[in-house]
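Now, the feature entries from Swiss-Prot:
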type: BINDING; residues: G110, L129, G130, D131, F132, V133, L134; note: S-adenosyl-L-methionine binding site
Amino acid sequence: MKINILTLFPEMFDIFKHSIIGRARENGFLHIETINIRDYTLNKHKKVDDYPYGGGAGMVMTPQPVVDAIKAVKEKNKGKVIFLGPRGKTFNQEMAKELSKEEELVFVCGHYEGIDQRVYKYFDLEISLGDFVLTGGEMACIPVIDSISRLVPGVLGSEESFQDESYYDGTLEYPQYTRPFEFEGEKVPEVLMSGHHENIRKWRRKQSLLITKERRPDMFEKIKLSKEDIKLLKSK
């Protein structure tokens, strides 16, 4: 997958040089490039913002450098142009799965009090992380790209690595344990030590359902429970 990020702060994305995403880039599964919007401004002082018409606090990103940056990138990246903003669709795992199927994506990060409205016609999709305010689009862009990238074939090495995780199938993840067997008087559930794969699978499924029901009833209501699921929930 090829990802271009249009931003005023390219250095904020150095995080993608490390860990799993960094290795995926080295191995050719991901190509991530940052583009500094400021490089496209025609203002001799390199300004990319100005006061809002009608008054109000803060500054607004001017349309010219953003649009020119988008046009330049689109010459080599035909992917969807995605803007991170509070008016967008709330990002979730299902959206991450759909976007991970794309070969190319372009992300635009806003800053200050936002971007001139006349730029919005260049966006194919607007994404929001939720009902809260961040200091800039970069903060939202990082988890969105991370979530999408890890679903790209080859990035995690094994599809099984993410199939059991929270949200993948509409449930929260089951509890995980590792050594030692006993810690501060609390022992690992015996079923996980049994070596009986079917019993372990059922235990994990039941725990996922119970945790989802308790902590995210809104998610639980959307789950199409199988006969086995119903039986597991009724069992002690």
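Cβ atoms here come from the backbone N, Cα and C positions, even for glycine.
Since we're looking at a predicted model, the values are computed, not measured.
Within the set G110, L129, G130, D131, F132, V133, L134 that the record links to S-adenosyl-L-methionine, no two Cα atoms are more than 17 Å apart, and one pair reaches that distance. Within the same chain, the residues at least 6 positions away from L129 (S-adenosyl-L-methionine binding site) whose Cβ sits under 8 Å from its Cβ are L84, T90, F91, A140, P143, V144, listed in sequence order. When the binding-site residues V133, L134 are scored by other C-beta atoms within 10 Å, L134 scores highest. Within the same chain, residues at least 6 positions away in sequence whose Cβ sits under 8 Å from that of G130 (S-adenosyl-L-methionine binding site) are T90.
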